[in-house]
Amino acid sequence: MGNVQTSTNVYNIDGNGNTFAPSSQMASTASPAIDLKPGVLNPTGKLWQTMGTGAPSADSLVLVVDNKGEYTYLSENMRETLNKAVTDVNMWQPLFQATKSGCGPVVLANFTTISTGYVGATADDAFSNGLVSNGPFLATMHIMELQKTIAARMRDVAIWQKHLDTAMTLMTPDVSAGDVTCKWRSLLEFAQDILPLDNLCRSYPNEFYTVAAQRYPAIRPGQPDTQVALPQPHPLGEVAGSFNAPTSEVGSLVGAGAALSDAISTLASKDLDLVEADTPLPVSVFTPSLAPRTYRPAFIDPQDAAWIAQWNGDANIRIITTYQSTDYTVQLGPGPTRVIDMNAMIDAKLTLDVSGTILPFQENNDLSSAIPAFVLIQTKVPLHSVTQASDVEGITVVSAAESSAINLSVNVRGDPRFDMLHLHAMFERETIAGIPYIYGIGTFLIPSITSSSSFCNPTLMDGELTVTPLLLRETTYKGAVVDTVTPSEVMANQTSEEVASALANDAVLLVSGQLERLATVVGDVIPIASGEDDAATSAIVGRLAIEATMRARHGGDTRALPNFGQLWKRAKRAASMFASNPALALQVGVPVLADSGILSALTSGVSTAIRTGSLGKGVSDASSKLNARQSLTLARKTFFKKVEELWPSQ
């Protein structure tokens, strides 16, 4: 069967000479990221023209307005961007014609007006920009018509794209290394047998095939039945397809460029160079995180977290409270009992997850009928000074389960444990304004307490407490409210326990957030994980070399030098440690990272390396990546061979 081209330039999917040959030299591409955001399209200025016969001046300019609206200048950048959008729509013209939708290709020139005048935001601005002769302009009405036209067609394109994607991913039209081929008739029968019956590629095979030929380099229609041999069509996106394709020399040029661009933007927008500044910075410099954090309050030492308080009474304290018209007992003790100091807590949703917690019913029968709850305890004195029930002013039940513990338990290997159970509380600080001593605790509401509870602390604070910030009104450091943060004071000044137990508003986490962003940048663009030397390691070596040389010459030998090979190894370990766990730089005693000046040297060195980087970034990994891609191509060849065997072409 001949591959006849109609007047609409539609290729026959069964045409003679059709081939399918994926090659790593060109990747499939179209236009998934045409940039239509403000800043690309705006601002360009409006059309102004002179009024009167005198010499042109800013005072003589008037804004051009008619029944089509005002006129916006179509700059070269805007024209290129809109033309790409129009071309992307027109690529689907065979399907628009087959389905009798649309009215021919979209032509940008049909929406523009050629005029002469001045272009700017104001009359003064336009006059200073100079005269524009025979320039292209878009009237307000035409802008809206163009937008509606493209949007309406994209609605249809979105549906067709989904069906084409299904068919083409079935065929796997790209390889990452080398070349492969498959007999077109075999591959076509394979796809026709497998594609869902409602896939539109079955209804309009030639039209979809024609569109695919413009998007996928692997598809090459054969020669039409004409006396004059015509060249085989190439995809419309062959420039981007070529530059997106991985190369054996430097990997992906597009990938390297994107990684460097993202890294430079992150460094500039997040002020990462200030991560070890030794002067106070306003907290607004840092980007606080509203991400939830999870803790185990029963195991947090109050010395590590200002929001944890501890009761250390010698004897149990029992307080009666009323909940849903029933009296219950809340008990503190025996032994140290840790609670939340609500005056040190941030505005947050608190969720105490006690799922799986062991219920010692045999040791304490009181718990079987008790109700798990989260309560607020208001005291007359600080909690550590509470010695008797009269020191407690009142108890408020914030959240309680709907049933007793015995009905909420499940037996696991002989131990009764809580089934899935979450206790929730929404906390806003203004609700406790003026109350100096108020504490939150997960515990049991015991209806009929006995001596069984005298030897069993009913606390539930060993559950997982998730704190989801609602609003960060203030920043704290070491328990005190601060307006500024000095990063160098925070660095290498915390224990790992303090870092783990810090709330979202703590200066430790603000600086930690900066460190994580810096570590992400370093990991993305610097080959720290490889065995090669890199900019991050080099920056650290420079600082280590000074200190090590000073120590070596302390004995009087003015020419003594340290073992630089060992310094490179130490620096490599430190750089790798930072990239994998940047919070280590906050902790006391961490080798190298805790040393003064190391992090600022790393930040400066990495920033310079990124700003002066090139598209050849991927060269260090190109060889290993090429080997991996070649292995994938071998698997693809095996796949196509099986297709040809199972669907032999006639």
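Placement of Cβ uses the backbone N, Cα and C atoms for every residue, glycine included.
Annotation comment: Swiss-Prot describes G2 as N-myristoyl glycine. Swiss-Prot lists N110, N407, N493 with the feature N-linked glycosylation site, giving sequence analysis as the kind of evidence.
The structure, with features from Swiss-Prot marked on it.
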residue: N110; record: N-linked glycosylation site; DSSP (3 states): helix
residue: N407; record: N-linked glycosylation site; DSSP (3 states): helix
residue: N493; record: N-linked glycosylation site; DSSP (3 states): coil
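Every protein chain shown contributes to the tally, and the Cβ of N407 (N-linked glycosylation site) ends up with 12 other Cβ atoms within 10 Å. N407 (N-linked glycosylation site) sits 47 Å from N493 (N-linked glycosylation site), taking the CA atoms of both as reference points. Each residue contributes its Cα atom, and for N493 (N-linked glycosylation site) and N110 (N-linked glycosylation site) those atoms are 67 Å apart.
Taking each Cβ in turn and tallying the other Cβ atoms within 10 Å, the top scorer among the glycosylation sites N110, N493 is N493.
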